[in-house]
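J.: I grabbed these lines from TrEMBL:
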- 158-554: domain 'Amino acid transporter transmembrane' (DOMAIN)
- 1-75: region 'Disordered' (REGION)
- 165-184: transmembrane segment (TRANSMEM)
- 190-211: transmembrane segment (TRANSMEM)
- 237-259: transmembrane segment (TRANSMEM)
- 271-290: transmembrane segment (TRANSMEM)
- 297-317: transmembrane segment (TRANSMEM)
- 337-358: transmembrane segment (TRANSMEM)
- 379-398: transmembrane segment (TRANSMEM)
- 418-437: transmembrane segment (TRANSMEM)
- 476-493: transmembrane segment (TRANSMEM)
- 499-523: transmembrane segment (TRANSMEM)
- 535-554: transmembrane segment (TRANSMEM)
Amino acid sequence: ITPVRTSFRYSDEDQGEEGEYPRADPGSISGEQRSLLRAALENDGRRPSDNVIDEQDEPETPIAGPVERRLGDGRSTYRSDSIFTIEPQLASPFGGSYGTTYSSLATRINESSMRHAGRLFRQQQVEGITVPDKEREPLLVKQVEEPDGKIISVVVGQSTLPQTVFNSVNVLIGVGLLALPLAFRYSGWLIGLMFFFCSAWTTSYTAKILAKCLDVDNSLITFADLAYVSFGSKARIATSILFSLELIATCVALVVLFADSLDALIEGWGVVEWKIICGVILVPLGFLPLRLLSFTSILGILCCFGIVLAVFVDGLIKPQQPGSLREPATTYLFPKHWGTLPLAFGLLMSPWGGHSVFPNIYRDMRHPYKYRKAVNITYVFTYLLDLSMAVAGLLMFGDGVRDEVTSNILLTDGYPQVVSVFIVVCVAIIPLTKIPLNARPIVSTIEIFSGLDTRAVAASGGLLGVSGFNRGLLKLTIRITITIVIVLIAIAIPSFDRIMALLGSVCCFTICIILPLLFHLKLFGSELTKRQKMIDWTLIVVSSVLAIVSTAFACFPKDVLEAA
């Protein structure tokens, strides 16, 4: 799902670490055609992400040469036009987000026709047929000269290292950590600790792989762009569908968490009723501007930290079982029921689902060569936070740990009431702040495909001539329908651990490990050593097997698995 912007601005110079980027008038092009930072890196014989991954077995040669030759030989249309050569409309079907035309469009339409179509698209906006989206900030772009002498326009990153770390932590920290104590109960201490560490290391490695793949072309921006460059338009569509499924599963899990927590604290209402109430609250939130919803993301992060802190406080306050860190519950080194082990794999993978956003984060960095350091800091911090939550929850409740460890605290006597209320407030805030943000890409995708989006042209002419009022009604219907569907799925699948297990096994294994490694092998296969190819293929095969097994076991009833 490609994020798109309504306009762009040219930047005429690179800035320092703490400096601010000047905003020039749109269309003003600097006389300096080369980025000073990129020129320095190219003169030094490397690209911005060369230090992202330690590759001691490879010769120290620039990535650009062989990769660009491969793209030029096999996909001549990939680099034929910059993203801004035709018209500066990212959502126009006549320009891609990585600096080319999509599919075989360039082979069927000559340049003059494409320019004319681009002008017509822009004319529609000027005449008011479409309304510019004021929710998005304009892109900051600059022109750089490629090694072959071609000048292209690329997005200028604006995030510093601390901002990049914060954005990455924001992506990884979520409600998946609430199910980690249950995951360790399913897997036992030994297998759980080993697999959780391996999953963190592997996803950290593939996050750095994505940056290396992005440097194949300066105009690549998103995860879907990499899918298109590697395997074509069908891969891009499949990736968008997979992203949508991941977002829907996340929204459903948040609704279930909201209902379970409030039902545990407040008597007189059922779980289904709380899910319906959550849906009613979410309907108006779905119409808030994106710029307002973005401010709520920091509130969600603070709530996650607050929940972890509250769990530790409750565990230290209570002197005896159940729910005490001072008198730990009985735990096991190996799984008590081996049939639940495959479920643990999906649950332990679910906290690492951030790779769909990492390409955008990398492109937004002011100093891309610091990306490796940002990933390391992010993963160390997230790993320690998630592990502390998993260990504390399992020591407090042992075999009695529930789908969400917060439900155990709310249903156990002996804790201060104020802490329980604080946990419920935090748990209630997280879905209300994250679901509208997670649902927005789904809404945008449907609107683009149906032709309702103001920044895109529909694939069919079915909506041509539809009035603005009717378009507004259709948009209203889409947003309400998506909320209703999410609530209905939450009612049909009430188990939080099953949702998170499916999310980890289907989406996280695929997006976080399998696809990045396939991109790496496709784009750099002829340049990789046998050792690197063996590592990548081993991770792909093992991850595929674990994903299939975990998905299959997630469909069995829990009592059947625990009887195994």
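Using the three backbone atoms N, Cα and C, a Cβ is placed for every residue, glycine included.
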J.: What stretch of 237-259, 297-317, 379-398, 499-523 shows the most Cβ pairs under 8 Å to the transmembrane segment (418-437)?
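T.: The listed stretch sharing the most Cβ pairs with the transmembrane segment (418-437) is 297-317.
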J.: Looking at the stretches 165-184, 190-211, 535-554, which one shares the most CB pairs under 8 Å with the transmembrane segment (337-358)?
T.: 165-184
J.: Do we see three or more Cβ pairs under 8 Å linking the transmembrane segment (237-259) and the transmembrane segment (271-290), pairs being at least 6 apart in sequence?
T.: yes
J.: So if I exclude everything within five residues of the ends of the transmembrane segment (271-290), which remaining residues of that chain have a CB under 8 angstroms from its CBs? That is, six or more out.
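T.: Same-chain contacts beyond the ends: 134-136, 255-256, 258-260, 262-263, 431-432, 435-436, 439-440, 443, 479-480, 482-484, 486-487, 490-491, 494.
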J.: Assess whether the transmembrane segment (379-398) lies in contact with the transmembrane segment (297-317), where contact requires at least three Cβ pairs under 8 Å among residues 6 or more apart in sequence.
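T.: Contact confirmed: at least 3 Cβ pairs fall under 8 Å.
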J.: For the transmembrane segment (297-317), name the stretch out of 165-184, 190-211, 476-493 with the most CB-CB pairs under 8 Å.
T.: 165-184
J.: Within the same chain, where does the transmembrane segment (476-493) have neighbours whose Cβ lies under 8 angstroms from its own Cβ atoms, ignoring anything closer than 6 residues to its ends? I mean 6 or more beyond.
T.: 248, 251-252, 255-256, 259, 272, 275-276, 278-279, 282-283, 286-287, 435, 439, 442-443, 446-447, 450, 452, 499
J.: Using a Cβ cut-off of under 8 Å, list the residues of the same chain at least 6 residues beyond the transmembrane segment (165-184) that approach it.
T.: 159, 192-193, 196, 250, 253-254, 257, 297-298, 301, 304-305, 307-308, 343-344, 347-348, 350-354, 357-358, 361, 364, 374-375, 377-379, 381-382, 385-387, 389-394, 396-397, 401-406, 430, 434, 496-497, 500, 503-504
